[in-house]
Amino acid sequence: MLTVINTTKRTKLPYYLLLLVLVIFSLATLFPFLWMISASLRTDVDLFKNPMNWIPQTLYLDNYKEVWQAIPFAQYFLNTVKLSVIITVLQVVICSMAAYAFAKLKIPFKNLIFILFMTNLMMPWHSIMVPQFSVVSSLGLYNTHSGYILIQLFSGFGIFLMRQFFMSLPNELNEAARVDGYNEWKIFWRIMMPLSAASLSTLTIFTFTFMWNDYLAPLIYLNDDNLKTLQLGLKAFQTEHTMDYGLLMAGTVLATIPMVAVFLAGERFFIQSVATTGMKN
Amino acid sequence: MMTNQRLRNYKSYIPGTLFILPAFVLFAIFIFIPLVYGLVMSFTDYGGFNVTPNFVGLDNYSRLLQDDYFLISLKNNFIYTLLFVPLTMLLALFAAIALNNILHLRKYLRISFYFPYITSMVSIAIAWGLLFNPVSGPINYILKAIGIANPPEWLMSSQWALLAIILVAVWKSFGYYMIILLAGIQGIPQHLYEAAELDGASKFQQFLYVTLPSLSPTLFMVMVLTIINSFQVFDLVSVMTDGGPGRSTNVLVFRIYQEAFVNYRMGYAAAMSTVLFLIIMVISLIQFRLEKKWVTY
C-alpha cells in the first residue's frame, strides 16, 4: 500500500528542491545518532577539542571495552532479552486466544466483557500504576521478574487488533473444521494462527519494541541490580558517568544496536505495522 | 429433555470461556482491581507501608487545588501539550506529503524519519542531554559558530529546559505519525484528484479541497493520540532534567511518580492519578463527540 506512487506530472526544479530539503531534514534527524557513534569512538580530550573535529582523528575503541566492566552490561542485556521475549510471546498468545473467542465463539456476557476490556485502550497505564503497584506487592511479586511480566500480559490493543482480523475470516472455515472433527483448540492453533501471520507480526513488533524500550515500569518494579534491564542500567550509568561522554555513548550505542538490527531486518514489517494500526484505530 | 437442552447450552459456552479465561483473570487482577482500588486509595492517607490507612474523604483532592507543585506540573504539562501536538502534527504532515510526492530515496527517507521512534527514550534522552550541554555540547557550538553569542543554557535554564524536552519529543515521534498520515494519504482514491484536475484545480487547491478533507479522520486521530501521549511524558523528563531546574520541567506523571515512589504518599498520588484519568477520559469523550462534526469527506 505504501508503495503506490503519485504519478502526476511535475516540473523538475521544485521537485529537486523538495528532495534536497528532505535530505537535509533527514540528516538533521539522524544527526544525534551520528554524533552518538562519533563520540563513542573518541577520548574525551579529543571530543572537547576546539575547534571540534567532526570525524575522529584516530578510532578509540577502549570505551567499548570499558563499558562492560563499568556496568554489568551482559546481565542487563540478558534480562532485557528474557523479559521482552517472554512477555511478547505470552501476550500475543493470550490476546489472540481472547480475540478468537470474541470473534468466533460463544461467551457469557460477551459484549459487557468486551467493553470492559476495551476501556484499557482509553485508560493510560500511568493512571493505574500506583494502585497496581500495591496489588502486585501485596501478592509478594514486587522486585521479581514474574511480577513485571504479569502486569504486561493483558493488552486491550492486542485483543482489538487480533479480533478485527479474526472477524474478517469466514465462519465457514470454522464450521468445515468442526465437521472434520477439529476441536476449538486445534482450530485456533492449526487454522486461525497460521492464517493471521500479518496481524501477529504487527502485534509482535509493537509489543517487543515497547518492552525492549520500557523504562517506567521496570523503574518501579525492578530494584535489585541482577534484575534490572538495559534501560535502567543506562540511566544509572548516566547518573554516575555524566562527565564521561565517550563511555556513556558507547553504552548507549551498544544498547541501541539490537533494536536497530531487528528494525533494519524487518523494516518493511515495522512500517507496515504502523500503517495498519493507523487505519484500524 | 429440558435439562439436556440447558446442559448443551452451557456446554457450548465452555470453549469460549476457556479461551478468554487467561486474559480475563489478568485483566481482573492487574487492571480492574487497581482501577477500583486506586479510586478508594485516593480518599485515604495510604503511605505504602504496613500502616493502616485512614479514610480522609476529599482531603487529597482539596489539597491538590492548593498544591503549587502539583499545579506547576499541570501547567507545564499543558504547555508541553500545546507545543508538542501542533509541532509534531505539522512536521509529520509535511514529511508525509513531501514523501508522497517524491520518487527518489523514498525508502531511505522513510527509514531515517521513523528511526528515532524505534530507539529507546532513555538512550536518546542521554544523547540529547550531552548534545544540549551549554559548554561542551555541539548544539551551542554550532549556534556560536553561526554568530549567536549567547546561546541558551538549555537543560540548565528554567526558561529553556521544557522547550528542549519538547523539541526532543517532537523529533522522536513525528516519524511514527508520518507513517500513519502517509498511509492515510495513499488511501485517498485517485479519482478524486483526477476529477479536481479536470475542474482545473491547482496543486495547492487539490491539497486544500481533496487531500485535507479526505485526510481529516486520520489527522483527527493523530491529534487525539498526540494529546493523550503528551499527558504520559515521563522518560525524557526523568533522564534529561529530573524535573528541574527548579520545577520547570516537572510534568503530571513525573509528579505522580515522585509522590508515590519517592515520597511514599500513595493516597495523594492516587488522587493525582484520578485527575490524569479524568483528563484523558474527557479528551476521549470529546473525540467521540466531535468525530462526526469534524471529519468530513
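Glycine too: its Cβ is placed from the backbone N, Cα and C atoms.
Automated prediction, rather than curation, is the source of TrEMBL annotations.
Sequence annotations record features per position, and here TrEMBL assigns domain 'ABC transmembrane type-1' to A:77-266.
According to TrEMBL, the transmembrane segment annotation covers A:15-37 (among others).
Sequence-distant contacts of the transmembrane segment (A:83-102) (same chain, six or more residues past either end, CB-CB distance under 8 Å): 110, 114, 117, 145, 148-149, 152-155, 158-163, 165-166, 188, 192-193, 196, 200, 203-204, 207-208, 211-212, 229. Here TrEMBL flags A:83-102 (among others) as transmembrane segment.
Among residues of the same chain six or more beyond the transmembrane segment (A:109-128), those with a C-beta under 8 A of the stretch's C-beta atoms are 98, 102, 154-157, 159-160, 216-217. Taken from TrEMBL, the feature transmembrane segment covers A:109-128 (among others).
Tertiary neighbourhood of the transmembrane segment (A:148-166): same-chain residues 83, 86-87, 90-92, 94-96, 98-100, 102-104, 117-121, 132, 136, 141, 192, 196, 198-200, 202-203, 206-207, 211, 217-218, 221-222, 277, 280, selected by CB-CB distance under 8 Å and a gap of 6+ residues from either end. Taken from TrEMBL, the feature transmembrane segment covers A:148-166 (among others).
According to TrEMBL, the feature transmembrane segment maps to A:187-212 (among others).
Away from its own ends, the transmembrane segment (A:245-265) comes close to residues 33, 36-37, 39-44, 47, 60, 63-64, 66-67, 70-71, 73, 77, 81, 208-209, 212-213, 230-231, 233-234, 237-238 of its chain (Cβ-Cβ under 8 Å, at least six residues beyond either end). As annotated by TrEMBL, transmembrane segment applies to A:245-265 (among others).
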